[in-house]
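Undergrad: Can you keep this structure in mind? I'll have questions shortly.
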Amino acid sequence: MAARTILSTQCLYTAARRAYSSNTDKNVAFLGLGNMGGFMAANLVKKGFTVRGYDPSKDALNAAAKNGVTPANSIAAAVDGVDVVVSILTSNKVVLDVYLGKDGVVAHAKKGSLLIDSSTIDPNVPKQIFPIALEKGLGFTDAPVSGGVMGAQNATLAFMAGGRKEDFERPLPLLKVMGAKQFHCGEIGSGQVAKLTNNMLMGITGMATAECMNMGIKMGLEPKVLLDVLNNSSARSWSTEVYCPVPGLVPTAPSSRNYDGGFKNELMVKDLELASGMALGIRSPIPLGAVATQLYRIVQSRGYGQKDFSFVFQLLKEENKN
């Protein structure tokens, strides 16, 4: 019975999709217009997509409007009649409410449209949304991104998608406007698994880079000399080349902008907690991940949750004075 139900809902989506086979998916709703979503939506507009956006923040809506996004006053108004819905939201609860709420996406999107959620959330959340969306004749894929605010601004994001292959291939022209790399990771939820794995490693290497640079500088090495050594040695990484936690060494890194405009420490804590929960569920040991989670929690408890996660360098630096 369950197999027949799944098959019938898949046929419903396929039939609805065929009805729009000549559609080029140029009409997009974008939900979540914050640091990441605002730039992603703006890049779509630049490439000729018609974008209608919604965000509960009036400031975010106004900023997006300046970049050509048409503001909507509700989720229902944003998704009405569009071909594709893209969202990048803050938490499991928000994603579930936005998609499955009475006034949410699934209730108001037209049949045959494709839903793409680029939030970073528990892999079980897209698994809850997918069958309900499919039953309504909608496609759904989880496609979180990596690259941070700079990647969103420069359209160099990496998309990690989970779901049916056809729901990955259909939006590739749209994804390529917002990012440089697109990966189909497997079944629904696998995009989130890839993203949480990536972010745990990013948190660990960021912590390690801050710790070791602090040690070398404290021992008397010039910061620039130390960074040059690391970037030309076996310790080279994204955290040393692109995201150096020491101010003034990499001009485009958040550390050189007072740790503003990057990946907020509070979001790193959220992602590490999600990754830790995922690891616990499969009994996968994460000793370094656990240490990183606690260290970034300390940064947040000191009142620096809104700063970029590389602010951990300043925490370690301050400990020298105690």
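Every residue gets a Cβ built from N, Cα and C, even glycine.
TrEMBL annotations: computationally assigned, not manually curated.
Sharing the record's features from TrEMBL:
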- LYS195: active site (ACT_SITE)
- 27-186: domain '6-phosphogluconate dehydrogenase NADP-binding' (DOMAIN)
- 189-315: domain '3-hydroxyisobutyrate dehydrogenase-like NAD-binding' (DOMAIN)
Undergrad: Around the residue listed as 'active site', how many other CB atoms lie within 10 A of its CB?
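TA: Here the count is 28.
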Undergrad: List the helix, strand and coil residue totals of the domain '3-hydroxyisobutyrate dehydrogenase-like NAD-binding' (189-315) as derived from DSSP.
TA: 88 helix, 2 strand, 37 coil
